[in-house]
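Inspection log for the structure reproduced underneath, given as structure tokens.
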Amino acid sequence: MEMKLWVSLIVVSAITTTALGDFGGALVKGFYKESCPLAEEIVKHNVEVAVLKDPRMAASLLRLQFHDCFVLGCDASVLLDTHGDILSEKQATPNVNSLRGFEVIDYIKYLLEEACPLTVSCSDIITMAARDSVFLRGGPWWEVYLGRRDSLKASFAGANQYIPAPNTSLEGLIINFKQQGLDIQDLIALSGAHTIGKARCVSFKQRINQPNMLQTFYVDEFKRHSTFRRILRSQCKDSSRDNELSPLDIQTPAYFDNHYYINLLKGRGLLISDNVLVSEDHEGEVFRKVWEYAVDQELFFADFVESMLKMGNINVLTGIEGEIRENCRFVNL
């Protein structure tokens, strides 16, 4: 049934320009229709296999696109290993021992090189894999714009500077997203990616240990916040458990849905950077949008897709910029 649904959704539309590069290139729908017609199907099939083997991989591949696009742009710089003058972004604080999915991308790239040598960019593979991961967990499907090329460099310093920390304030998140050309609605919608995946204790220990931390605007009459924190504290009771994992969405951790926002309203967001969406904007635009997404999943899905497409255009390389890497871990010789 799922395969039939997927096939029915793969409808290549007319080419539509969405982002122009400095040299006149453009991201378009159906970019590989002629040059590598099975590209999207190869990516989709292998993402499905990877997620079946490891359900957490869906969230990891989605996160990979965030961590790529927020540093230099959506150019697969995050995939580069340390080599020569390149210091890998994988070693930066937000990524080390945390970012996953590199081997999945490697294998997909290997298959695409067999089918269509030096044709499909690593950055486009990341984009397609993120979309397919969302769909495979029950989220929306959308046509991605393709035609990105791959960076010739990485930015270790940029990864440390531009990827938000799990304890970032709301003001800090707004500034961070604005630096990427994303607005407040994009911040709220893209935060919904935390409806799947897990985080390590080290990422949320500050939240559960901080004294008198009221997470929502109303009195915790039924001790919901303190009970939730007590559960987390028992799981992460000492530094030996820093790498223990807890679901970002405690209600429906395996499904891409709107329960992330429902959890926030109950004081059950896992990270400080999740909870600030309600705890630091009681009456404003952010809080209202959280409520809207909590009661209307279709609205969340629509806005999430729009923001993912917008994020996927950050500082893309097109036309004759960059290159199509043969191996996603290294620039071509």
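Numbering starts at 1 and runs along the chain as displayed.
Yeah, the Cβs are placed from backbone N, Cα and C, and that goes for glycine too.
Feature annotation from TrEMBL assigns signal peptide to 1-21. What TrEMBL lists as site 'Transition state stabilizer' is R63. According to TrEMBL, the active site, proton acceptor annotation covers H67. Look at TrEMBL and you will find D68, V71, G73, D75, S77, E89 tagged as Ca(2+) 1 binding site. The substrate binding site feature in TrEMBL is assigned to P164. TrEMBL lists H194 with the feature heme b binding site. Taken from TrEMBL, the feature Ca(2+) 2 binding site covers T195, D249, T252, D257.
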Handout entry: the residue listed as 'heme b binding site' and R63 (site 'Transition state stabilizer'), Cα-Cα, nearest whole angstrom
Key = 9
Exercise for the section: Taking Cα atoms as reference points, rank the binding-site residues D68, V71, G73, T252 by distance from H194 (heme b binding site) and give the first. Expected result: T252
Problem - Additional residues surrounding Ca(2+) 1, by Cβ distance to the D68, V71, G73, D75, S77, E89 centre under 8 Å - result: H67, C69, F70, L72, C74, A76, V78, S151, A154, S155, G158, A159
Practice task
Out of the recorded positions H67, P164, T252, D257, give me the one sitting nearest to G73 (Ca(2+) 1 binding site) by CA distance.
Solution key: H67
Completion exercise
Same-chain, non-site residues whose Cβ lies within 8 A of the T195, D249, T252, D257 Cβ center for Ca(2+) 2 are I196, Q251, P253, Y255, F256, N258, H259, Y260
Fill in the blank from the handout: Ranked by how many other Cβ atoms lie within 10 Å of their Cβ, the binding-site residues E89, D257 are led by E89
Handout entry: Spatially closest candidate among V71, S77, P164, the listed binding-site residues, to T195 (Ca(2+) 2 binding site) (Cα to Cα)
Key = P164
Handout entry: Among R63, H67, H194, the most crowded of the recorded positions [Cβ within 10 Å]
Key = H194
Practice task
Pop the Cα-Cα gap between D257 (Ca(2+) 2 binding site) and P164 (substrate binding site) into the table, whole Å please.
Solution key: 23
Practice task
Would you kindly give the Cα-Cα distance separating S77 (Ca(2+) 1 binding site) and D257 (Ca(2+) 2 binding site), rounded to the nearest Å?
Solution key: 30
Handout entry: Spatial neighbours of H67 (active site, proton acceptor), counting only the binding-site residues D75, D249, T252 and Cα distances within 10 Å
Key = none
Fill in the blank from the handout: Students should find that the Cα atoms of V71 (Ca(2+) 1 binding site) and T252 (Ca(2+) 2 binding site) sit apart, in Å rounded to an integer, by 30
Practice task
Round to a whole number and give the Cα-to-Cα distance in Å for the pair E89 (Ca(2+) 1 binding site) and T252 (Ca(2+) 2 binding site).
Solution key: 31
Completion exercise
Rounding to whole Å, the Cα atoms of D68 (Ca(2+) 1 binding site) and D249 (Ca(2+) 2 binding site) are apart by 23
Handout entry: Inter-residue Cα distance where the pair is D249 (Ca(2+) 2 binding site) and D75 (Ca(2+) 1 binding site), in Å
Key = 29
